[in-house]
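What TrEMBL records for this protein:
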type: TRANSMEM; residues: A:6-23; note: transmembrane segment
type: TRANSMEM; residues: A:30-57; note: transmembrane segment
type: TRANSMEM; residues: A:63-82; note: transmembrane segment
type: DOMAIN; residues: A:118-148; note: domain 'NADH-Ubiquinone oxidoreductase (complex I) chain 5 N-terminal'
type: TRANSMEM; residues: A:119-141; note: transmembrane segment
type: TRANSMEM; residues: A:162-179; note: transmembrane segment
type: DOMAIN; residues: A:180-458; note: domain 'NADH:quinone oxidoreductase/Mrp antiporter transmembrane'
type: TRANSMEM; residues: A:217-236; note: transmembrane segment
type: TRANSMEM; residues: A:319-341; note: transmembrane segment
type: TRANSMEM; residues: A:348-367; note: transmembrane segment
type: TRANSMEM; residues: A:373-394; note: transmembrane segment
type: TRANSMEM; residues: A:450-476; note: transmembrane segment
type: TRANSMEM; residues: A:497-521; note: transmembrane segment
type: TRANSMEM; residues: A:541-561; note: transmembrane segment
Amino acid sequence: MELLVFLILFPALAALLFCILPNGRLRDTIVVLVSAVIIAVTLYLFVLFAGAGTVYFDIESGMISQIMTGLEVIISAGLLYLAAKYRQYLIAGLVVIQLGVVLYAESLINETAALNNLFIDPFSIIMAMIIGIIGSLICVYSVGYMRDYHAHHEGMPDKRRWFFALLFVFLAAMFGVVFSNNLFWLFFFWEVTTLCSFLLIGYSWDEEARKNAFWALLLNLLGGLAFAFTFVWIGLTDPSGGLVMMDTLLAAGPAVAMIPAALIGFAGLTKAAQMPFSSWLVGAMVAPTPVSALLHSSTMVKAGVYMIVRFAPIYNVTMVGYMISLVGGVTFLLASGIAISQSNAKKVLAYSTIANLGLVVACAGIGSYAAVWAAILLIVFHAIAKSLLFLSVGTVEHKIGSRNIEDMTGLLGRLPAVTVMMIIGIAGMFLAPFGMLISKWAALVAFLDAQYGFILVLLLAFGSAVTVFFWTKWLGKLIEVAWNPKPVEAKISNHEYSALVPLTVLMVAVCIGFPLLSSYLVVPYVFGIYGMAATLGQANMTIMVMMVFMVLIMPLSLLYFRKDRKILPHYMGGLSSTPDMHFKGSIGVQRPVALGNYYLADYFGEKRLSNIGNGFCIAFIAMLMITVILGVIA
Amino acid sequence: MITEIIFAIGFIILAPFIGALIGGIDRKVTARMQGRVGPPVLQPLYDVFKLFEKEKAVVRNEVNFYIFSYLIFVVFTGALFFSGSDILLVIFALTLAHAFLILGAYAATSPYSHIGAERELLQLMAVEPMLILAAAGFYMATGSFSVRDIALWPEPIVMTLPLLFVGIVYVLTIKLRKSPFDLATTHHAHQELVKGLTTEFAGPTLGMVEIAHLYETVFFLGLVWLFFASMPWVGLLAVIIVYFLEILVDNTTTRVRWQVMLRSAWLVALVAGAINLGVLTLM
Amino acid sequence: MSYITKSPWIIHYDGSSCNGCDIEVLACLTPLYDLERFGIVNTGNPKHADVFLVTGGINEQSREVVKNTYDQMPDPKVVVAIGICATTGGVFRECYNIMGGVDKVIPVDVYVPGCAARPESIIDGVVRALGILEEKRTKMTEKGGK
């Protein structure tokens, strides 16, 4: 129990320290130390609880709950102030309503019955490892990155103290989310993540950042409101407060828990940036890159899918679950499609995150044991690959001064180390033997066994084809040759390396070792709920691992192919070209060769597909809400 | 286990020769359709052997690595398929193989191979949904993804998956690089952006691409056969008819723009997939 | 016999021809003459080609292209100059802009004269070129062997 409390409190206390410490080597060292401690404790947590199943911890809730309520009021007041200052009346309204709803609900529920406020089970362990390891590595990375960031953005007020404080508060809140069994507590941490993401997105506090930050806040408050209504419902049906415990609620089954599950599902959809709420995550890329990495991989959006996956057993074979699945499925297809038309690397990553979360949501909405198995694996693979990608894009951006994929031509030759890591990350996102593909395989199996799953199969089939397109063309850009590359400042800070390298190793390790991950953590969790669990099958495991090794061995062939080859010039329609690829164009003018990728904007344009997606998803969510309302009336 | 390994090894050894034979017959039939005599039946083999007799010339050394990986993974795909493994893994391995081919063309960094690579990528995107849906269809029909179980299914699967079969035949044209969908590169004497994807591959490098294509042909015809697996000889007949149709289409159509290819392939996949899987679900 | 003679792929370039010889070259690929009987394919890509067919004399504009195309062909390779212009410059040899036959720029292995060269003689020229190709191939392996 101490471990859990430590993981929640330690980052929070460290954050307090960072508020005071000035910029400098001392702070940087302490950031690294704190991160190291978090990683170590997370690993210890894993060792301690990996085989222990679900463990509940009995903590007196009275005092702590009051503190939380107090903090909530303070946070609300702060938000109200900001909203009033920047004339965001909608947000102000939502904050007031939400606070009112929560306070009303608290008055309904007699919380003294609440006992097992904290808990840990294999799924929590997985999430804690994602938060603890990946989140901490991102914090380490930010030390180097933020130094460069402020060097690149002179004139911007240096608020790095707040920045590091917020990062660690964020981690603390995420630990809180995954360890809380008391939904009130969970809700408190949930709102803290919303607040942190709002402040971090608005870090630079220029016009655009502010706008996007408020937009993110607005959408997440909408989800928070849905979450808050859960308590009202619980308070009205069961004033004894037993259902506030997540395990009791989940054990009560769909008959009782359907409405809270739907409301929390809605909250999860907003937080996981599913269509039509996806725009906040896309806007969030104005923040410094480590923030994007944090939001996309280990925190925030993962809180959204975490809740939906938690409630997956309730969704199994229900209308509500199916609607959530459809939202996820449509988001997967269309967000992947939009990624084709984007040349901004961070935007491509953002849409790919939205798409992959869509897949997780689709699996969770199906809620069968195979689907949950797939969903959890997806979360793991996505967290690692995406953090690696964001961080490497961030480093590259500082080095080449652009985040446009077209400017990354020949990056493999210009920044070999970082590019290799980026390539591993991209491969992890879509190529066969690597992570995501296993999950896609599992998702497909799960959809096929589900009722009316064939619609999701269709969405998945088209979506994965689209995924292949935009990732491969990015890879292609990286390995092309740059003829007259701009000189690159090759020195990359140690802090950045010390995050990138472990993530790369982790990526490869998870690809090879996922059978262990599956059998030690995912299967026990799924088995604990459903009494059965999906596996990949021995033969398929062997094939997958074989393929990973084949891909890893392949580059050795370069040793052979390097020898006695004659190098021919490029074919330019018979005209000669210079080594830096200029050719004689019409009327004898020397022109440079310029190669660009297809973006197919007429077909996969952002606006067009967003509109379609939002339309569909709003319809599905409306149906979800109608189900809820009908349920309340009944 | 032993039989599976034998099948896999059998594929690895025999497929190029069978593929070459099919390719040779293809060229012969094509020639006859045009009123010509045509090359010897073993011509594809001669071509490959010749390419390995040529000088080892490349634009960049790395290109060979990608192309070699392409070849290895195409062989792997086929071996997985014929040893009765999971059909989804087979499809994913094939995608990986093609990703390597495309990366090879990217790595060459020439205008023609670049456009070829983009088009190959479009072709990949056009075909992928249909393949996955076919795999899904097999699963719904037989309850298993294993090619072995599907092949041993007592009834002809084409009866339950008629539309998906049509869809597969449709995308087969793209995969076999037949007109009207030979956008990325072509086997014909008439050209498409020089040779598109393969423009910068010379000698042994091109030889590897050709060998991979032979393997791929056999693999895809195997996939067609799988729809008739319970009646092997009927299956063989179906494969022959399908391939003949491909030749006929190849010789009677002109190349289309990528928009038409992508749209039509997706439309076919959508209609075939939705109706066929939908009906299976409701039944 | 090596396989190279069973599968010679050609590339055809028009130096500055009047198109007469070009039409005859293409005629070879028609059903009547059917060059594909010998495994010959018109690739149109120097990287794939073994035989380089050039028609027309060489002028300032085409000089570079012929040279470049030849350089991009991997060994072993042969060049066939088709038509009298490609062989010697023909009636244009005195023109201010004509350098002469193809052999002014690249080594030519077989000359097929004629105005225009007949398909039969073109085929004959290519078949003779195959013999030379074979020789070159043998030489290459010997050198490679050492």
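Glycine residues also receive a Cβ, built from the backbone N, Cα and C atoms like all the rest.
Long-range contacts of the transmembrane segment (A:450-476) within the same chain, counting only residues at least 6 positions beyond its ends with a Cβ under 8 Å from a Cβ of the stretch, are 317, 322, 325-326, 329-330, 332-333, 336-337, 339-340, 342, 345, 348, 352, 355, 359, 362, 366, 368, 371, 405, 408, 423, 426-427, 429-431, 440, 443-444, 597-598, 604. For the domain 'NADH-Ubiquinone oxidoreductase (complex I) chain 5 N-terminal' (A:118-148), the number of residues in each DSSP class (helix H, G, I; strand E, B; coil) is 27 helix, 3 strand, 1 coil.
For the transmembrane segment (A:30-57), the residues of the chain that approach it from at least six positions outside its boundaries are 1, 3-4, 6-7, 10-11, 14, 17-18, 21, 115-122, 125, 128-129, 131-133, 135-137, 139-140, 142-143, 164, 168, 171, 181, 247, 495, 498, 520-521, 524, 528, judged by C-beta separation under 8 angstroms. Beyond the domain 'NADH-Ubiquinone oxidoreductase (complex I) chain 5 N-terminal' (A:118-148), the same-chain residues lying 6 or more positions past its ends with a Cβ under 8 Å from any Cβ of the stretch are 1, 4-5, 7, 28, 31-32, 34-36, 38-39, 41-43, 45-46, 49-50, 52-57, 59, 160, 163-164, 167-168, 170-171, 174-175, 178-182, 247, 288-290, 293-294, 297-299, 302, 306, 309-310, 376, 379-380, 383-384, 387, 391, 394-395, 398, 492-496, 498-500, 502-503, 506, 520-522, 524-525, 528.
Note on the domain 'NADH-Ubiquinone oxidoreductase (complex I) chain 5 N-terminal' (A:118-148): mean pLDDT across this stretch is 90.
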